[in-house]
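To start, the structure itself, in structure tokens.
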């Protein structure tokens with residue numbers, strides 16, 4: 001029972017560290033996301049990167065233009081079948097327990113192939129977290145690069161075993177090839193899923209509803225139905241369960257046996273596995289719903305002057321929200337008992353690359369934490385309610401923005417558009433660091449802008465010049481004078497309504513796009 005024993009050992013060995021520091025050595029008083037679960041959730045979330053869907057639609061239009069809408073050409077039919085059989089896949093590249101790459105499949109390349117192109121020999125001794133078990137074509141290359149460990153989500157693999165196309169036996173043959181590569185390679189190919197710590201789901205639900213983005217909506221639109229958040233969360237749960245779970249338990253067992261996890265098909269291992277997967281999907285859906293596509297809210301400039309300059313142009317709202325959810329996930333690794341903050345830095349190259357993220361590439365990320373290597377009792381943890389200023393935390397905690405800059409894996413290039421996504425407004429100490437690093441855009445909430453608190457102030461953000469600031473707010477352009485319930489989409493800085501027919505199928509597109 002190798003795989004089952006493997007999961008048990010990992011769960012017991014790491015359960016105590018699931019509330020650990022940057023170094024995994026400290027235990028806190030609030031539930032925290034383990035690094036393994038964080039990397040797993042980010043891989044699932046990267047599978048949903050919006051740019052991939054746009055590429056798929058563009059490719060479909062191009063193919064229809066070449067072959068006609070019926071696709072009666074035999075070669076066209078074969079290619080279409082192959083693409084339906086290959087599932088979109090997200091990937092997180094980790095080195096020394098630090099994230100050095102966030103990737104997803106593109107129209108032409110699998111996630112593992114993209115990682116090899118982007119990182120090359122630097123993949124040596126890295127850990128890779130896939131949202132699906134990689135195919136043999138990817139596995140042989142990344143194993144050859146000398147990776148340390150490959151973890152994957154134990155559901156339908158990259159070469160789908162669920163689609164009708166798999167009846168050709170190609171998917172089963174690929175699964176056998178993957179198992180042979182696994183058994184004869186130095187890299188450890190495994191499933192790393194840990195049970196969430198006690199009260200983690202409840203904690204995420206409470207903090208997601210109370211986060212700056214949801215609270216800004218309720219304050220700006222006091223007449224809005226307060227159930228909108230919970231309705232969107234339920235929609236996301238259904239959508240993600242369709243994507244990341246195999247609804248039929250017997251079919252799930254069949255897939256597990258085919259991909260070499262037959263020992264997980266027996267209870268209690270199978271029931272525990274599915275429960276852990278459901279809990280993580282619930283957590284992901286909850287966090288994703290905290291930055292909702294709601295009416296005319298999004299990340300906008302308060303004063304849209306010089307909007308035509310490239311560094312002042314906003315990202316499409318779908319991508320901005322996606323990146324902010326990445327930061328929200330990172331915030332659940334916080335060591336601050338009061339306020340969890342996450343930050344992620346991306347940059348946009350001059351031309352579209354092979355990655356499913358298009359021209360955008362990952363630079364760095366972080367969350368607020370105490371210095372690396374610290375133990376729980378090394379530093380004070382009290383906030384400004386403590387009268388004795390000597391035992392307050394603010395002199396010792398390192399903010400998320402600073403950790404993102406410190407542990408970045410790419411240099412920030414002055415000629416490129418770089419952007420940081422922060423779950424809360426940057427404080428007066430972080431603002432000059434962001435500007436000094438050469439970051440061109442800041443995406444954040446504005447609930448604390450202009451406030452001065454006991455130990456920290458947020459006065460500089462509003463006065464900051466030379467960096468474009470996109471804050472979560474109701475669209476200031478006045479375009480929301482349309483029907484209040486009419487959906488919207490912001491593409492390339494232009495706000496336009498979504499046709500009713502498109503709106504009705506918006507949630508289904510991600511599910512349909514993976515087959």
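In case you wondered, yes, glycine gets a Cβ from its N, Cα and C as well.
According to Swiss-Prot, 135, 138 bind Zn(2+) 1; the candidate from 110, 119 that the record adds to this site is 110. Taking Swiss-Prot as the reference, the stretch among 246-258, 259-271, 272-284 described by the feature motif 'Nuclear export signal' is residues 272-284. Taking the centroid of the Cβ atoms of 110, 135, 138 as the Zn(2+) 1 site, the other same-chain residues with Cβ within 8 Å of it are 86, 89, 111, 112, 113, 134, 136, 137, 139, 158, 159. Closest to residue 399 (Zn(2+) 2 binding site) by Cα-Cα distance, out of the binding-site residues 110, 135, 138, is 110.
DSSP classifies residue 110 (Zn(2+) 1 binding site) as coil under the three-state reduction. A 10 Å radius around the C-alpha of residue 401 (active site, proton donor) takes in these binding-site residues out of 110, 135, 138, 430, in sequence order: 430.
When the Cα atoms are compared, residue 135 (Zn(2+) 1 binding site) and residue 430 (Zn(2+) 2 binding site) turn out to be 43 Å apart. For residue 427 (Zn(2+) 2 binding site), the same-chain residues 6+ apart in sequence whose C-beta sits under 8 angstroms from its C-beta are 399, 456, 457, 458. Within 10 Å of the C-beta of residue 430 (Zn(2+) 2 binding site) we count 25 further C-beta atoms, all protein chains included.
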